[in-house]
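Working notes for the structure below.
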Amino acid sequence: MIIEPVIKGVVARSAHPYGCQQAVRKQIDYVKQAKPIERGAKRVLVLGASSGFGLASRIAHTFGGAEADTVGVSFERGPSDQGVGSAGWYNNIFFKQEAEKAGRVATNIVGDAFSQQVRQQVIESVKSDLGGKVDLVVYSLATGVRPNPETGDMWRSVIKTTGKPVVGPTLNLETDSLAEMTVETATDDEVADTVKVMGGEDWASWVQCLSDAGVLAHGCRTVAYSYIGPEVTYPIYHQGTLGRAKEHMHTTAEEINTQLVAIGGQAHVAVCKALVTKASVFIPAFTPYILALFKVMKEKGTHEGCIEQMQRLFNARFYSPKETEQGVLTDEQRLIRMDDWELASDVQQQVSEIMAEMTAENFTQLGDYKGYKQDFMELNGFGFEGVDYQQDITLESLKALQS
Ligand code: NAD
Ligand code: NA
């Protein structure tokens, strides 16, 4: 079969395995020539390892200077009679291939990170594949649902505001159009459920479980990823359900940090830049901001993707670089601000000017729609040079790839 891109709304219904391989290789090539991570963790667990910031964290640690062995957890679909499988499935496979070629350990665990079963599998894998301990736990899950173990039901996150309803243009990647959409006000229950799914509870529970199993190394650290954004987006993000979940995550970081003192460890939240990922394309009324932001940051030469953000996080902020000996660089709230270039006042000034002019008719010119769409296609392995998209690929050959 020839694998073509299929987009429904903002969801990709197909992925190109060899394009995903190219995506992984590109990120590896980037970190190999970037400023290296010094004194980075050598045994790393990544929860949410198959795409976005989690995959980039894994690549940065293995190929960007730390030479880490990794265990990666993700929820992905393999090839079956229903389809070729998800992009993250192939990212896992090709990351592992490259890591093993470089003499590193890379174990992929595919399953529900909220479950006890996957916790058990991870503990066993840390014991057998990482020599029994981890030095770093990266928490990078992004999902809309979390099972409630007590009832067997699902908590579902919603993307709503907590103030007055917001009307804003939302992107449809299938039709390349912007359409007005109303972001409704969340009920208290919806806020609480979103905090359950995307807040810090599961992160804390993972650290507790790993601690109980005795697999956290002395000095073990953990990091989770957050977003705050500029004031123009507060009604839809920071003061919305997702922002409330992030606030919970920030508070949780303090609790985990206190707990880790006993083993000389630390917990941090890194506040990242707005980027196109499988998760972020769902946020209504957010696209005009990203389109304007990409345009301005690319013009200024300060634009970063996931891999640039993560390599900079780990080479300049998270591990104390030899030359400075400053420790982790944070703001007063102990947050690592990787959104510093995004929030620079000259950037935000120009972004606001563009957004004020942006309409459903001109957004492809005023904003960086081409770049946005390219990023989205690349997430699913499409649009790369050097990939033969006419190649006839059999399901059997994909099933034969080792995960
Ligand atoms: P992503 O969709 O690219 O990655 C999510 C990962 O979680 C994938 O590996 C997926 O397989 C895994 N996952 C989801 N549900 C799972 C489950 N039940 N069990 C196991 N694995 C599961 O998302 P992302 O954008 O990289 O988001 C990661 C974190 O970064 C999130 O906390 C997000 O809020 C944050 N963040 C994102 C942005 C952005 O603009 N994309 C900006 C700042 C912060
Ligand atoms: Na991720």
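Glycine is no exception: its Cβ is also placed from the backbone N, Cα and C atoms.
Features as listed in TrEMBL:
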DOMAIN    2-80  domain 'Trans-2-enoyl-CoA reductase-like NAD(P)H binding'
BINDING   48-53, 75-76, 112-113, 141-142, Lys246, 275-277  NAD(+) binding site
SITE      Glu76  site 'Plays an important role in discriminating NADH against NADPH'
DOMAIN    84-319  domain 'Trans-2-enoyl-CoA reductase catalytic'
BINDING   Tyr227  substrate binding site
ACT_SITE  Tyr237  active site, proton donor
DOMAIN    330-393  domain 'Enoyl reductase FAD binding'
If the criterion is a C-beta within less than 6 angstroms of any ligand 2 atom, which of the recorded positions Gly48, Ser50, Gly52, Asp112, Tyr237, Val276 pass it? List them in sequence order.
Gly48, Gly52
Using DSSP, what is the helix/strand/coil residue split across the domain 'Trans-2-enoyl-CoA reductase-like NAD(P)H binding' (2-80)?
29 helix, 16 strand, 34 coil
Let me make sure I understand the structure: which of the recorded positions listed (Tyr227, Tyr237) has the fewest other Cβ atoms within 10 A of its Cβ?
Tyr227
Under a threshold of 6 Å between Cβ and any atom of ligand 1, which of the recorded positions Tyr237, Lys246, Val276 are retained?
none
Can you grab the distance from Tyr237 (active site, proton donor) over to Leu141 (NAD(+) binding site)? Cα atoms, rounded to a whole Å.
18
Spatially speaking, which of the recorded positions Gly48, Phe75, Glu76, Asp112, Val276 is closest to the residue listed as 'substrate binding site'? Use C-alpha to C-alpha, please.
Val276
In whole Å, how far does the CA atom of Gly52 (NAD(+) binding site) lie from that of Glu76 (site 'Plays an important role in discriminating NADH against NADPH')?
13
Using Cβ atoms only, which residues of the same chain lie under 8 Å from Gly48 (NAD(+) binding site) while being at least 6 residues apart in sequence?
Gly54, Val73, Ser74, Ala113, Val138, Tyr139, Ser140, Leu141, Ala142
Over the domain 'Enoyl reductase FAD binding' (330-393), work out the mean pLDDT and round it to an integer.
96
Who sits close to Phe75 (NAD(+) binding site): which same-chain residues at least 6 apart have their Cβ under 8 Å from its Cβ?
Ser50, Gly88, Val110, Gly111, Asp112, Ala113, Thr143
What is the total of other Cβ atoms whose distance to the Cβ of Glu76 (site 'Plays an important role in discriminating NADH against NADPH') is within 10 Å?
21
According to DSSP, Leu141 (NAD(+) binding site) sits in coil
Pairwise Cα distance for Lys246 (NAD(+) binding site)/Glu76 (site 'Plays an important role in discriminating NADH against NADPH') [Å, integer]
24
Among the binding-site residues Ser50, Asp112, Leu141, Lys246, Val276, point out the residue whose Cβ has the most other Cβ atoms within 10 Å, with all shown protein chains included in the count.
Ser50
